Amino acid sequence: MSADIRFDSLKTIVPAVSRETADRLIAFEDLFRKWSKAINLASPSTLADLWNRHILDSVQLFPLAKEATRWLDIGSGGGFPGIVTACFLAERSGGCIDLVESAGKKAAFLRTAAGHLHVPARVHSARIESMWEKIETPQVVTARALASLGDLFTLAEPWLSDGAKALFQKGRDYQREIDESRVGWSFDLVKHPSAIDQASVILEISNLRRKTD
């Protein structure tokens, strides 16, 4: 896929995307492919369609909170959506994203990617729970393919209950996860359809509170 085709595909999601951001995302794809030969950053079956399946899918989040400058991505894995978001924040004065990833090799890749792309990302090789008191409450918390919605609430509760908004990407079972999570939690919800996968959504969560008997 040529750079121009990838740039045009980006503009279908973020019409005002700059060429500089597009170049960073293309460079990230190239770096991801190189590292994937040595460590498992994503399912091998998805690498053939890496641009659409992972990068464009992650791009969708930034326009939903484009005014935010302080982001946090938990369980960052191979950098989706964390490094992708960082590519957009690179052109935002004061923008920064914290990436939390417990797997050492993946955290090493994230650090390499952040440095290679010159993006404002801080990588924490640690368990999410250990960062509750170390990372200041961001404006937005993101997660992709990490855990069930209820478990995500538990992992991100210190930040979400302090005013942060969540953007969680979910697959075809999202409604079941929503229903199950409402047993123990109250929250405001906006469902954004995915532009990449018709069976998926982005759940925008705010005002999270744990229910008490």
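Using the three backbone atoms N, Cα and C, a Cβ is placed for every residue, glycine included.
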Discussion item. Of the residues ARG92, ARG111, ARG144, only one is listed by Swiss-Prot in the S-adenosyl-L-methionine site with GLY75, PHE80, ILE128, GLU129. Which is it?
Written reply: ARG144
Worksheet item: Three-state secondary structure of GLU129 (S-adenosyl-L-methionine binding site) from DSSP?
Response: helix
